[in-house]
Ligand SMILES: O=P(O)(O)OC[C@H]1O[C@H](OP(=O)(O)OP(=O)(O)O)[C@H](O)[C@@H]1O
Ligand SMILES: Nc1nc2[nH]cnc2c(=O)[nH]1
Ligand SMILES: [Mg+2]
């Protein structure tokens, strides 16, 4: 919960909501995979947790990849970004597959926003291919492949973070 008089959260600053359904997300992940299929082959998929886990599963399924690792990063507490912490890096076995620099490895995340998370992971694996489903302008230069660009003032709501709820009619003042 956001306390009174506290700084506005990233979500409040963004303002414009962009809700994504499971169907839409699945379609966008498949579209991403069509592009990645032209770039690969890859030795392994690395999901940036937690948001990268869902697209990584779909992309890995479509590319026929079974070696899947994670980089576990904590930054946003719900919608406020704090200092980034790498809670877990990739395994030695995956690092070997990428020759130490990430060559031939595919990093997947759900989105780039400020690009801070992407930058950190790129520093760990400079030669890896970095793919996200959505990209905001600030983070876009860090990404090798993405599907949909949304404006910086947009907040993306993912299906695993949301539930169906009643909406008041537009006439009654709904956004
Ligand atoms: O480009 P940035 O400004 O760094 O933001 C992008 C990151 O923010 C979200 O993760 P979050 O830290 O909220 O954690 P989660 O994936 O565990 O939800 C999202 O999944 C990206 O990883
Ligand atoms: N769910 C979600 N998490 C984010 N983390 C950084 N930007 C976003 C966003 O637009 N949506
Ligand atoms: Mg994330």
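Positions of Cβ are set from backbone N, Cα and C atoms, glycine also.
Feature annotation from TrEMBL assigns 5-phospho-alpha-D-ribose 1-diphosphate binding site to 50, 51, 109, 110, 111, 112, 113, 114, 115, 116, 117. All protein chains considered, the CB of residue 50 (5-phospho-alpha-D-ribose 1-diphosphate binding site) has 14 other CB atoms within 10 Å.
According to DSSP, residue 110 (Mg(2+) binding site) is assigned to a strand segment. According to TrEMBL, the feature Mg(2+) binding site maps to 110.
Residues or ranges marked as GMP binding site by TrEMBL: 113, 114, 115, 116, 117, 155, 156. In the three-state DSSP classification, residue 156 (GMP binding site) falls within a strand.
The annotation guanine binding site is assigned in TrEMBL to 113, 156. Sequence-distant contacts (6 or more apart, same chain, Cβ under 8 Å) of residue 113 (5-phospho-alpha-D-ribose 1-diphosphate binding site) comprise 10, 136, 138, 139, 152.
What TrEMBL lists as xanthine binding site is 113, 156.
Note on the domain 'Phosphoribosyltransferase' (21-166): mean pLDDT across this stretch is 95. Summarising the annotation, TrEMBL assigns domain 'Phosphoribosyltransferase' to 21-166.
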Per-residue Cβ crowding (10 Å cut-off), top of binding-site residues 109, 110 = 109
Of 50, 117, 155, which binding-site residues come within 10 Å of residue 110 (Mg(2+) binding site), going by C-alpha to C-alpha distance?
-> 50
Nearest to residue 155 (GMP binding site) by Cα, among 50, 109, 111, 117 (binding-site residues)?
-> 111
In whole Å, could you give the widest CA to CA gap in the GMP site formed by 113, 114, 115, 116, 117, 155, 156?
-> 17
